[in-house]
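Quick look at what TrEMBL annotates:
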type	residues	note
ACT_SITE	HIS103	active site, proton acceptor
BINDING	PRO194	substrate binding site
BINDING	HIS224	heme b binding site
DISULFID	CYS72-CYS146	disulfide bond
DISULFID	CYS152-CYS350	disulfide bond
DISULFID	CYS231-CYS259	disulfide bond
SIGNAL	1-28	signal peptide
SITE	ARG99	site 'Transition state stabilizer'
Amino acid sequence: MRTSAAVSLVLTLSLFVLLLGALASADGYGNNGGGGGGKGDDNGHGQEGSYTPPAYDKPVEGLDAGYYRKSCPDMEAIVQKAVKKALDKDYTLAAGLIRLYFHDFAVRVRSLHLMIEFLLRRADASKTLRGFELIDAIKAEVEAKCKGVVSCADILTAAARDASTAVGVPYWSLRYGRKDGSESRKDEADRYVPMGDEPVTNLITFFESNGLNILDLVALSGAHTIGRATCGTVKPGLCQRKRSGSLDARYADFLTRKCAAGSDGEYLELDGETPTAFDNRYYKNLMSGKGLLPTDERLLDDSRTKHFVTMFANQQGSSGIFTHQFAQSMRRLGEAQVLTGDEGGVRRMCSVFDY
């Protein structure tokens, strides 16, 4: 749990996903990173076969569902109301909050947090993140009720849960008691936050070292069923992907035209088929050559992740297994490498170090 045991590898990690793990090491799957196969069990470790949901994890010491029951009983209601109000005004903010949650995890494993305004808002990896202001606003409202009690880490965790359920993900209960980190550096944000072009093996290794598994990686990648990316993240390698035939020809032509006509800041829907629905269309798109980001595409190229992509794409109905697994993986993500007890503090504002 302590950050001293956090990943020591210098990895540049891919978006989405959050997302965002593997409990079995890369050595257990062979050495082929881009299209490697290998065996594992059926609890999220890449073996071809039937799907068995992972067992509920052992509770993390220091986290408890009733942590704020006496000290701030209205915390969850305050967060839920604020998130609903924000999404009523801008539905796309749901994707922003989920992504912020993923990125916070990627940096949290180095005992850092994304909510530090003067450094991380300038970092390349954080420039397209949305939701900072909402988290700060929620924190101010919570502080007015329960001064110095609720951490920014817990507020972000609750906000990401409420944003997810608002778009159709099943509700999951949360355990609280996270503490906020006390340092943050721009270079660490750029080094450890996903940027969208990493090999699957790097992603698996990173997730594995933080107690998650391959099923979590593929499920959390499904967050790309909503939200947007910029042409600046798509252009690199687009011509090569088009020539190789890995992209659907018509989709590749659309991306080329769209990004040629606009700037690198031009937005593209991560799921061009059902961009506002939290469904399994993301996986169906991958199967038909319509994955927007290179890392999305690589999930289908690597046999360790392809099995779960296929499982989610072929499920009955548009949500089902995927949305339930997404909820479970989000819960697991929120309990990985957290600070508790005297390992951190509680900020008065989420955008500054002030404890």
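Cβ coordinates are placed from backbone N, Cα and C, and glycine is handled just like the others.
Given the structure is predicted, the values throughout are model-derived calculations rather than measurements.
Shown here: features listed in TrEMBL, placed on the structure.
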residue: CYS72; record: disulfide bond; DSSP (3 states): coil
residue: ARG99; record: site 'Transition state stabilizer'; DSSP (3 states): helix
residue: CYS146; record: disulfide bond; DSSP (3 states): coil
residue: CYS152; record: disulfide bond; DSSP (3 states): helix
residue: HIS224; record: heme b binding site; DSSP (3 states): helix
residue: CYS231; record: disulfide bond; DSSP (3 states): helix
residue: CYS259; record: disulfide bond; DSSP (3 states): helix
residue: CYS350; record: disulfide bond; DSSP (3 states): coil
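Sequence-distant contacts of CYS72 (disulfide bond), defined as residues of its own chain at least six apart whose C-beta falls under 8 angstroms from its C-beta, comprise VAL142, LYS145, CYS146, VAL149, VAL150. A simple way to gauge crowding: the CB of CYS350 (disulfide bond) has 24 other CB atoms within 10 angstroms, across all the protein chains here. Cβ-based crowding with a 10 Å cutoff singles out HIS224 as the top-ranked of the recorded positions ARG99, HIS224. There are 19 other CB atoms within 10 A of the CB of CYS231 (disulfide bond), with all protein chains counted. CYS152 (disulfide bond) sits 16 Å from ARG99 (site 'Transition state stabilizer'), taking the Cα positions as reference. Most Cβ neighbours within 10 Å, among the disulfide-bonded residues CYS146, CYS152, CYS259: CYS152 holds that distinction in the structure as shown.
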